[in-house]
Every structure is written in C-alpha cells, then in structure tokens.
Amino acid sequence: MKRLFEFIGFEPGRFHARWISGSEAQKVVETARKVTEEVRALGPNKKMRDDRC
Amino acid sequence: MALENPLLPHIATITKVIDETPDVKTFQMVFDDPGVFDVFKQKPGQVAQISIFGVGEATISITSSPTRKGMLEFSIKKVGRLTSVIHQMEPGMKVGIRGPYGNHFPYEMMKGKDLLFIGGGIGLAPLRSLIDFVLAPENRQDYGKVEILYGARSSADLCFKYDLFDNWPRQPDTKVYVTIDRPEEGWDGHVGFVPAYLEELNPNPQNKVTITCGPPIMIKFVLQALEKMGYSEDQVVTTLELKMKCGIGKCGRCNIGSKFVCVDGPVFTLRELKKLPPEF
Amino acid sequence: MLKEKIKSTVTELLENKRIDFVIGYGAGSDAGTVRPAFVKSVEEVEQLIWSPFAVNNLAKFVMDHLYENIKIGVIVKGCDSRSVIRLVQDKVFPRENFYVIGVPCKGILDKNKVAKDFDLSGDLVDFTEQGDEVILKTSKGEFKLRKEDYLLDKCYRCETPTPVVYDVLLGEEVAPFRTDDYEDVKAIENLSVEEKSRYWDKQFEKCIRCYACRNVCSACNCRDCVFDMAEPNWVGKAANLSENTAFHLIRAWHVAGRCVDCGECSRVCPMGIPVNTLNRKMIKDMKELFAVETPGKNPEQGPVLGTFRTDDPEEFM
Amino acid sequence: MRKGYILKESFKTWLGAIKEKFPLIAPVQDDGLTLFKEVEKVDDIVLDYGITRMPPKDLFFPQTEKMFRIKNKNNVAIELESPEKVTDELVLFGVHSCDLKSILALDPVFTTRFPDRYYQERRDKTYVIGLSCTKALPTCFCTAYGINPTDADGADVHLTELGDKYLVEVVTERGEKLAAAIPGIIFEDTTNLEAEKAKLTEKVKGEIKFIDLTGVKEVLDENFELPLWEKWAQKCLGCGICTYVCPTCHCFDINDFNRGDGVGERFRCWDSCMFSDFTRMAGGHNPRPTKKERVRNRFMHKLKYHLDRYNIVGCVGCGRCVQRCPENIDIRAIISDIKGGV
C-alpha cells in the first residue's frame, strides 16, 4: 500500500503502517508521536483533495 | 429563480409523521414558502422528487389528494439508502420537494363511472390520491360507486388503516374489501392474495374503471383476472414505478421503449401498456 | 494452419458434445481487429478465425455463465491462460467447466503501431508468417512487416508464450524470448515525488469512469463490485481528480496479487491511461518482497497476498 | 445565410482575434489524444483531425456538473445556493458535421418540456464554429443518416478549407453576431468556392462506406425481440465506453457530495445504460436485468427511440463507439444484422 502510494506521488512518510500489539502501549505512543511529527513536517496533503464547495 | 430551474427543489418542513406499518411511514410536508402551493398544483397520481440534502433524491408518489390544501403527504417504504434516512426524520426537519412530475390518473374520463381500486402493499399510496379526490365532497357527485380492494402480507403491513377501516367505509356508496396473504390470529377478515379475492368478488365490468397498483407480480395476475372478467383494455388503468432521477425526461433511465415513465407515465391504461415493450 | 486446427478441434468437440459452446475469435470490423465469437453449433464454426491481431483476452466471458452446469471451450494465448488459473483459484469458475484450447503465441501485433505504417481498413483475407516476417493479405492490399517492430509492448516481455494450462495445445511450445525487466515501472519509480505526482495526476484527470478496465479484467470477478455500491458510497460518481485517483488506487489494490498482467485494462482504456502500470508496479514489488511469480503463471502458487509464510518480510513491524 | 471567405494567410489572425475576446475551445493534441480543450496558443489547434477522442457534448452537458451548493444544518436549517452564472460566453471551434448534428439531437432533450437551465445557458452562450471534413476515417458513416461531411447544420458559423481560402457560411443570427464582433471575413461572391465545396463533399462522401438504413426503423418498430440482441450482448463487457464517447448519449445521474459538516453540493454526472445498476431500483427489481436488455436498449435508442421521441436521429455516424469498443461491437454490423432479419 505504502509503495503504491509513493508510486503515484505521495511523499514517503505520508503513510505509515505499524504492527502494534494491544499490550505495547509505549509503542503506540511513540508511533503516534513519530507519525504526527513526520506528517506535520510534510505540510498539508495536496493529493486527492476534494476541493469542491 | 426557483421556477426557472426544474432541478432545484423547494424547501419543505415535515409537519407530521404517521407510522403506517413496520416499514412504511407517511410524512406530511408543508412548503416553507407557501406561495409554492399556488404553482405546484399536483393532480392525482403524480409523483415528486424528495431530497434529503447531502444524501440525495428519490421519486415518491404523492399520496394526498389535491383537494386537501396546504400540505402534501408521501408514504415511504424503507427500501434503500435515502428512504432509510428519511425514516429517521421527525417533524420540524426539512427536506426538498420538486415536481409534480408525470401524467395523472384520467379522472376526467372516469366521470360518471363506477370505480374499482385494486391495491397491494405500498401500491395503495398513489391510489389514495385519487380515492380521496373522488370522495371529496366537491367531486363525489361526479362519480358512481367506489369500491376499494386492498391487500397486504399481514395485518401489520396494511397501510392507511384509518382510511381503510374508518374514513372510507363511512363515505356514501363506498365499499372497502381488505385481505391479507396468510391467516393470522385475531384477524377475522378475508385471507388470500388480491387477484384471488378479485375473482371471488367478480365485479361486473359494466360502466366501471379499475385502477390498480402494487408489486409487479400482483399487477400481472390482476390484469389477467380483469381480462378474464371481461374488462376492456381501456377500462384498466395502472401506475408504474421505475427508477427515476431527473423526473423531467432527460436522465434517460426510466424509459420503456420510446416513452419516459416520468413524463409520459406513470399512469397507463392497459391498452397503452400493451403497446410498450415488456421492460418494467 | 492454426485457423484450420482451431476449426477442426472445435468441430470435433461440438460434434462429440464435449463442450456446450466455444469462445473464440471472429473477424472484426477491419484487418487489425478481431471480435469475440460464441460458437454453439458445427454450422457456426466457420466464423472462427485466427489473426495476428487476436489480442482480446476471452477468459472473462465465462463469468456470464456462473452457476450453470456447462462446459465452455475457450481459446487462450499464453497470457490469457493465466486468467483461467486465476478464475479457477478464485473459485469463480471451476476448472472442470473449462475446456481450454491453448494457442502457443509468437506475439500479437499492435494494431495502433501497424496502422501507422500500413492501411488496415480492409478485411483480413489471410496472413502468413515466415521466420521474422508477417505478410498480411487484406482486401486493401498485401503488407509485409517485420514482426519484431510491431508487437504489443506486453509481448516483448512475455513470460508464458505457451499457455500454462490447457486441455489441448494447438501447436509446438514457444519459449519465452525475453524476460520481464519492468522497465516501464522503473522509469516511473525513478522520477522525483513531484514528477510522479504530476504524471499520475495527468493520467487520472483523463479518466472518464467508464469502468472498461474493471469489466475486462479477469481478476475483477466480485459478485458485487465496490464501485457499484450506493451504500456505503466508497467512491463518488463524480469524475474529478480526487475521485478518479481513489477509483484507480482501489481498483489496483483489489486486484493486487491476483492480476495476471494480461494488459487488457490498458488496452481497452479509451483515454490511454496506462492502467496496467499500477498493477505491474505491485507485481514487481511482490516479486521482490515475496519471491513469487506473476499470478496465474504457476497453478501451485496461491494468491500472493492471501498466503502467509513465516519468512515474509516485515517492513511494518 | 451570408457567405464569404477568409484567406488562409489571415486565418490564424482571425482565430487569434476570437481568442482575445472569448475563451476558445478547439481540438488540440493532449497526451496523444485529440480533444476539445481550451486553447493556449492558436498554433496548438489541430485543423486536419479525423475525429476527437471525446465528443463536444461536454461543453453543454459536462461529465460532472455542480447544480447547487448545499448548506444543511442537521436537516433543520437548509440553504441552497444556485449558481448565478453557469458559464461565460465562449467559442467552440472546429466541430465536424456529425458532431454538429449531435448537438441538434441533444437540444430537444434538454431544451423542450422542462428546459434544463444548465444546458440552456451553456448552449446560449456558446458560439459554434463548424469545420468541414477534408477526409474520412474507416469508421465514419455519417452519410447513413443523411449527413454530409461538410454540412453546416448545427453551426453558427461554418468553415470549409478550400485551397488558399476558407469558405465561410454564416448560418445563424448568433453567427452574424460573432462575425460582426470578429472582423476578418470577406463577404464577396463565393459561387466558385461553393462549387469547390460541392466537389469536396463528393470526394469525402466517396471515402465513406455507405450504410443503407432503409427498412431498419420498420424492423425495429415491429420487433422488440430479435435473436441478434442476444448474439451481440454476449460480446459486450458492460462497460460505459460506447455511451461516454457517444455525442448524443445524454443519460445522467444525480448525487449529493457531502463534505461531512453539512456543506456539500448536488451534482449530476454522466451515467450509462450499459451499467447493471442503471435501472436497478432500491427494492432490487431491475427492468433490464441482463446485458441483452441493456444492449438492445442502447441500439434501439440510437436507431428508433430517439427518432420516435424527437424526430431527429439518435446516432450521427461519428464512429467513436466503433473505434473504442474493446470487443468491437460495431453498430454498422448490427444495422446489417437488423436488415438481414437475424
């Protein structure tokens, strides 16, 4: 999925997939923080935006 | 502006919701701009497009008679996406209405004649607009005897019970016959399918017009039964239901042969119907 | 000649009632076009032809006969034969209801390439192949061309010129003459993020949402397609860049691991969108990640994304 | 009808003058396809094209068109904003005779009985400049419908390339308006040019394989069931290509787009009678349940229903469906089957 997203021109880092078990609370927190930081750094997404209205 | 664009709905407010059956509700609606009534002027048997804004539109037949002023009624069965949403709506909420569309029941041609209405399930909804029109005091003298034959799967599935068992039987020279498909506890009325009950009653075709609407399978057998009883093709009137989007003969999906049901129908006599390809 | 072999094979099958009908190729509107022919009786066998332009993948047509107790003969080239495996593996159409008439394929001519240099507007009367050359005899004249110059792009990288599955094979096996290097995919991979985005935006903007790519696809064999659903309305019907992109991404993912790379989606697109390049990107990735073969090539290999192996790469852990 | 000519040497200047005044839509090459698009440079216009990939109907009946904006607050407060203006005035240049006729075939659908505001406004604000064909494609068959490949019918101004001049026929009042607004047409005696045009007409007609429609309508009037429908439906994939590339197909769907916060829009978009859900009702009943009924409906519509309803052809012989059908379903072959009583 990530590869096809990047193939059509989404920035690498816009899409993340992680396998996290229900018992890995720390990993959830870390991943969420990391994803938020990386995506925020990329700025607002322009691809696939529906600008109607 | 509104009148220039037939695809732009008028805003209306739901004023009353009546639970008819587990999956049918009747919605009473009033235009927010009362002036719209003066131009709307629907005739019995016509349909309208009901909008839920953000969801879409659906074609619904107008079930109230034009003799009832200042409001419109629509009986809606929950079958799809839009009808599921509208079933959640309450008085005070707003929808869109555009129309009226289609031809109408030939009530002029019916003058002086006895009328036999044959309905099944939600199929009574369009017939009701004509029944109430004919029974209205200002029109009653124009028509002869009125008989209404109506059936549903079970007693719970009967629409307009207040009309069937209260309003209509009280009218002069009017008879109502109700049947349900299968026997059930507490039901002492007739049991059996509509076409079978029709053959049992065997109404005389003399000076009579029948108007029928219901599920396709019911219509098929009712038409056969009527022909057997000697009704001519002009004495049988039916109203069809097809998927419609625009309502104004442009979007293309409700055609039967060269006819568009939304402008040339939905009301056809059996004679007209027989000239159409069997695609309905 | 292949045409005669096809006819005699089908005649025999129909006479012995071993099949109910056969889906083969008939003459099309012009010399460069074929049209599917559905032959139910010996009298109709005359309609069948073979043509160097026989590009259509006929396997998908069996889907009009699901749940029928029927045996259908289908004429397949190497690429199309992968679709047969696909339909059987997806349990859409059982193997025993197929009678696969395999045609070893030396490459199909690209009508658009040939039409640039030769007049294909007549009828195809006959053709002969001599080594590397094809002589097309049409009602508008005879044309000699070097096959190598006019093949469909997909034929230059064909892995299975001989059908991978068949009940009868009409001719000698043909060895693949090149391997697939995925140059088309790599060319796009090597673009910058912005260039990739611009390239695909341009492509998806053209889409008119006719759904031909879906309807022709043998991996698109769902009973109810997500794109036909009103509820939930996953992809809107509006043809704009956003909805079109969603359509193409969802389509590509839905056939991932099941697309047999027959290239029909790109061929039928009326707007020239390289639809199949998205599928090929995923086939390439899956080959790299899971060391698998093109779906449908190996009947033993199940659907790639429906198979778990403990040594699968775990990029997402 | 006034007639005149434009010298070829001043032709581009004339187009340039149009472009100064109006958005100019004309056939251009776009990523390998010839399409009607807004022109950036007059030099980009393709003058000798065979047929555009997509028909010009998009100009009057866009594939996706916003009808009005919706502000819906919990179904209690509703505001609808209908666009004040659907389009600016524009010039559509370079339309061949088959496509011109197709616009005339769409007009009665959208402008009679409940006139469609969106179509009507686009139609009223578009100046159509026709362009005679100078060659035919193998898939062309306009002559079957009595259309000449140089006909001006449907254009406001029609041009025919003849030697070093373009013959200019000012067909309508709107054409007069355009001619007045954009100088450059020399109104002189054009008897010679008209004779040349007649020769060109015969030349191009000669390149088109004539399809004789005699008796076709009569067979369809009498026969709804014909074995040929099943035969052709077998080959059909059920995609929408034929209907979307068709210049006279006008089916559409109406849907709401919802941003999620109650703000959205109602739009209409092309739909296709080839799609299985086209006539399927919410309850599941489908009057045209299989490909056979759908294929029959499309061709009956082209060859009979449209004629019955509007007394104008429903097919103009542009050949786009023939070119684009993935399985080569060819309306010309269907016509021949109908005539053969198959």
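In case you wondered, yes, glycine gets a Cβ from its N, Cα and C as well.
What TrEMBL annotates here:
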type    : residues                               : note
BINDING : B:CYS246, B:CYS251, B:CYS254, B:CYS262 : [2Fe-2S] cluster binding site
DOMAIN  : B:7-107                                : domain 'FAD-binding FR-type'
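This view paints the features noted in TrEMBL onto the structure.
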residue: B:CYS246; record: [2Fe-2S] cluster binding site; contacts (Cβ under 8 Å, 6+ apart): B:LEU7, B:CYS262
residue: B:CYS251; record: [2Fe-2S] cluster binding site; contacts (Cβ under 8 Å, 6+ apart): B:MET244, B:LYS245
residue: B:CYS254; record: [2Fe-2S] cluster binding site; contacts (Cβ under 8 Å, 6+ apart): B:LEU242, B:LYS243, B:MET244, B:PHE260, B:VAL261, B:CYS262, B:GLY265
Per-residue pLDDT averaged over the domain 'FAD-binding FR-type' (B:7-107), given as an integer: 95
Beyond the site residues B:CYS246, B:CYS251, B:CYS254, B:CYS262: chain residues whose C-beta lies within 8 Å of the centroid, for [2Fe-2S] cluster: B:MET244, B:LYS245, B:GLY247, B:ILE248, B:GLY249, B:LYS250, B:GLY252, B:ARG253, B:PHE260, B:VAL261, B:VAL263
Other C-beta atoms that fall within 10 angstroms of the C-beta of B:CYS262 ([2Fe-2S] cluster binding site): 27
For B:CYS251 ([2Fe-2S] cluster binding site), the three-state class that DSSP assigns: coil
Binding-site residues in contact range of chain D, given that the Cβ distance is under 8 Å, out of B:CYS246, B:CYS251, B:CYS262: B:CYS246, B:CYS251
